[in-house]
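This report concerns only the one structure given below.
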Amino acid sequence: EAGKDCDCGSPANPCCDAATCKLLPGAQCGEGPCCDQCSFMKKGTICRRARGDDLDDYCNGRSAGCPRNPFHA
């Protein structure tokens, strides 16, 4: 949602200020398949295993989301 950096529904998220929905100082991310302990996972970390003829998807080191490989079946 606009103006929100993270999901502020739970005060238990150690990366997010539940009152403002903003990431805490030093946090890169609050959740996502490529977010680990408030930091982006390193480039090349598998975030989605291949299925069928598809290939594995990897974190890019710059976001918390898991980008689809360009050869997605």
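The backbone N, Cα and C atoms fix where each Cβ goes, and this holds for glycine too.
Residues annotated as disulfide bond in Swiss-Prot, with similarity to another entry given as evidence: Cys6-Cys21 (among others). Just so you know, the Cβ of Cys6 (disulfide bond) picks up 23 other Cβ atoms within 10 Å once every protein chain is counted.
The disulfide bond annotation in Swiss-Prot covers Cys8-Cys16 (among others). A strand conformation is recorded for Cys16 (disulfide bond) in the three-state DSSP classification. Taking a C-beta cut-off of under 8 angstroms and a sequence separation of 6 or more, Cys16 (disulfide bond) has the following same-chain neighbours: Asp5, Cys6, Asp7, Cys8, Lys22, Leu23, Leu24, Ala27, Gly30.
Per Swiss-Prot, the feature disulfide bond maps to Cys15-Cys38 (among others). Its Cβ taken as reference, Cys15 (disulfide bond) is surrounded by 20 other Cβ atoms within 10 Å in the chains shown.
All chains included, 21 other C-beta atoms sit within 10 angstroms of the C-beta of Cys35 (disulfide bond). Look at Swiss-Prot and you will find Cys29-Cys35 (among others) tagged as disulfide bond.
When Cβ atoms from all protein chains are considered, those within 10 Å of Cys59 (disulfide bond) total 24, not counting its own. The disulfide bond annotation in Swiss-Prot covers Cys34-Cys59 (among others) and rests on similarity to another entry.
The feature disulfide bond is assigned by Swiss-Prot to Cys47-Cys66 (among others), with similarity to another entry given as support. According to its DSSP assignment, Cys66 (disulfide bond) is coil.
As annotated by Swiss-Prot, domain 'Disintegrin' applies to 1-73, with the evidence given as sequence analysis. Each residue in the domain 'Disintegrin' (1-73) has a pLDDT score, and their mean in this model is 87.
All protein chains included, Cys38 (disulfide bond) registers 19 other Cβ atoms within 10 Å of its own Cβ. Sequence-distant contacts (6 or more apart, same chain, Cβ under 8 Å) of Cys34 (disulfide bond) comprise Phe40, Met41, Thr45, Cys47, Cys59, Asn60, Ser63, Ala64, Gly65, Cys66.
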